[in-house]
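Remarks on the structure that follows.
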Amino acid sequence: MKNILFISLVSVQIFIILYLNINFITSWDISNLYLPYLLVVLIVSLIYQIFKMIKYRSIHIFLILTLLIYVLLYIYSYIYYDQLFDSIFYILSQSILFVLPCIILAININEELEASLIRFFSLTFYWVSITLFVFIEIPFLFNQQSIVDSTLLLNHQSISYLSAFYFGIGLYFLKEKKGFILSVIMIFNITNLHITFLAGGRGGAILVLIYIVYFLFEILKNQSIVYKFFVSIAIMICTISIIIFIKKDEIFERSFSYIDENGFNLEQTSGRDKLYFQSLELIKENLWFGQGMFNYYSKLNGTPHNLILEILLIGGIFLLLITLLCVFFVIIKYMNIYDSKTFDRFLAYLIIYPIVMLMFSGNFLFVGLLWFGVIYVLRRIVGYRSE
């Protein structure tokens, strides 16, 4: 049952890998099973939580607050968004599918589950890496047709983020493993790195770069100044070499299409330039207090695919300032109790992914991994530990 809880953190990624393997073995298209798959994860999570509540005769305050927020959002949307209620009901219901299982895991996780979760990601790292190598890397090496962008599930963005995320997970294990296993992880990370750029997702490319920077920060923070200097020189040389290679290789063309000789250029970013412009125009209409929780959906026909713009659209500068102050306060508190020898270190590699992704795509209401990290950090700050 606990493995189902773990799957909730990466439900989309696991389904993509299941799709690739099952489709290859049986030729079945299981994309229509995505919703039932998410429902199973939610139901199992709820059963787990009910069992815990009965066993310990208690309910966690964060679960109460989560359920209360969803109920209030349903009521609020029914009262103030009568004509849009059906659409908003669908959005909130989808959010529950993705987020509630992750919050249930976050409020119940203890040292035993933390160790199990790390083992779960260790196993999925090999599974994902092998699958991507077989279905993405090998076709490229043999000049065969790529499956990327052949379906809504297997597009540039999803494959790129998937390989980039597990590249980051691989970096975490580089400091945890030794010997032959370490060599295997390094090989898989090289292929995951190549697949990230091969898939052509821009967000995935940036996620990889941020993971590398964070990993280097980790290994350098306790080293001498001389060691840091020589490593920095080596990084600069590698960076310059990569930039030269990027400009000469068409593989990287899509990943870095927003960069040209004049700086940043959003004209070749799948319509992001128009979407950002429309978002900024809506923000200007009510700069301080925004459009409200759901007003902008119908005006944009979706979301702005940028977390900062989304916060400004919902509550303007006022909400953005409150959010930044809360984030700053939580980070300061958490850094005072952060322990790199515990699950805290692994959490950093998990949480980097949703934060980076939300700057380029998606909606915070659907990213369960983000809310897992938020609830876990808040629990650590208040000193709560699960049974």
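The first residue you see is number 1, and the count goes up from there.
Positions of Cβ are set from backbone N, Cα and C atoms, glycine also.
Any TrEMBL annotation is an automated prediction that lacks curation.
Positions annotated as transmembrane segment by TrEMBL: 5-22, 34-51, 58-81, 87-108, 120-142, 154-174, 195-217, 229-246, 307-331, 351-378. According to TrEMBL, the feature domain 'O-antigen ligase-related' maps to 194-323.
Where the transmembrane segment (154-174) meets the stretches 58-81, 120-142, 195-217, 351-378, the count of C-beta pairs under 8 angstroms peaks at 195-217. Ranking 87-108, 120-142, 195-217, 351-378 by CB pairs under 8 A with the transmembrane segment (58-81) puts 87-108 at the top.
Through the fold, the transmembrane segment (120-142) approaches residues 3, 6, 10, 13-14, 17, 20-21, 24, 148, 159, 162-163, 166, 169-170, 173, 184-185, 188, 191-192, 194-195, 198-199, 346 of its own chain, all at least 6 residues removed from its boundaries and within a Cβ separation under 8 Å. Counted as Cβ pairs under 8 Å, contacts with the transmembrane segment (87-108) are highest for 351-378 among 5-22, 195-217, 307-331, 351-378. As a quick check, the transmembrane segment (351-378) and the transmembrane segment (5-22) clear the bar of 3 or more Cβ pairs under 8 A, pairs 6 or more apart, so the two touch.
The list of residues near the transmembrane segment (307-331) in space but at least 6 beyond its ends in sequence, with Cβ under 8 angstroms from a Cβ of it, reads 276, 279-280, 282-283, 286-293, 296, 300, 355, 358-359, 363-364, 377-378, 381. Note on the transmembrane segment (34-51): residues 1-2, 4-5, 7-8, 11, 15, 63, 96-98, 100-101, 104-105, 108, 153 of its chain, located 6 or more positions outside it, place their CB under 8 angstroms from a CB of the stretch.
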